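A short write-up of the structure that comes next.
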Amino acid sequence: MTDLQAILDSIHAELLPRLGEGKVADYIPELAKVDPKQFGMAIATVDGNVRSVGDADIPFSIQSISKVFMLTLALGKVGEALWKRVGREPSGTAFNSIVQLEREEGIPRNPFVNAGAIAVSDVVLSGHAPREAIGELLRFVRYVADDESITIDDKVARSETQTGFRNIALANFMRAYNNLNHPVEHVLGVYFHQCALSMSCEQLARAGLYLAARGTNPITGHSVVSPKRARRINALMLTCGHYDGSGDFAYHVGLPGKSGVGGGILAVAPGIGSIAVWSPGLNKVGNSQLGAVALEMLAARTGWSVFGD
Ligand code: GLU
């Protein structure tokens, strides 16, 4: 039996001298205030155990990791029809790129780049007021994590609302191509609040378990999605979850994963468990620098890469 706690402890000890590497996201003023030397990691395994190290119980802004939960909700609402509005290919461009969206006539490459996630928020918004759609997401995340204490950080949402000029541009662009059905302000209200979900590594690792266990949370027994849908969401995370760093993440880590500019990464080891890591400093493409290093160490020490050990 692999001693996961010992592996987590060794990763933490080895990374301690490097804490603070990378650059915290400063285009969202609230995120610029975060102490870059924090580091946490948690593993929830399908047998129901959660092991963690460092600052794994401190809530942080999950940002784009929320796109995984919103995608799950949108697929539950409209099923495969979602793919008329969003593609399933890696973008090879920055998370907030505008150029590609124009070239491809308002259809974002995948649900994990910002434009794609904004289209997904529009789908979840259907038939709801923005407040209700946000409430639906919060209920869903609390349900999959089995934790009623999870909240949305209004300060972060407000901060991004005031400065999210690129996202405002992306949304207007899609509206011009008729790929948004609701007013831009409503869609972005949902999008900015989903990004402002505040969760610890322990909560996030538990929330990702349904993706590791064929769509059912093995701790609570809650069936969240079908095994086929869980497999497909994992496929998208592997190919598109790290923006134009997705190939590099697959090469080094070999697990489906989704990053956020808050410095978190959620990774899935199918059949084994769900892993969350948090280190606020980002690399050049906006993914957690040490988070990716920690996951590479974990994959090497456990043999969990989906491509073999
Ligand atoms: N809220 C961020 C944005 O839209 C999310 C980006 C990310 O986490 O990668 O810019």
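Backbone N, Cα and C define each Cβ position, glycine as well.
Heads up, TrEMBL stuff is auto-annotated, nobody curated it.
Glu160 is the residue from Glu105, Glu160 that TrEMBL records in the substrate site together with Ser64, Asn114, Asn167, Tyr191, Tyr243, Val261. For the binding-site residues Tyr191, Tyr243, the ranking by surrounding Cβ atoms (within 10 Å, all protein chains) places Tyr191 first. When the record's substrate-binding residues Ser64, Asn114, Glu160, Asn167, Tyr191, Tyr243, Val261 are compared pairwise by CA position, the greatest distance found is 20 Å.
Note: Ser64 (substrate binding site) has non-local neighbours Phe95, Phe112, Asn114, Ala117, Cys195, Lys258, Ser259, Gly260, Val261, i.e. same-chain residues 6+ apart with C-beta under 8 A of its own C-beta.
Counting only residues at least six positions away in the same chain, the Cβ atoms of Ile28, Glu30, Asn167, Phe192, Cys195, Ala196 sit under 8 Å from the Cβ of Glu160 (substrate binding site).
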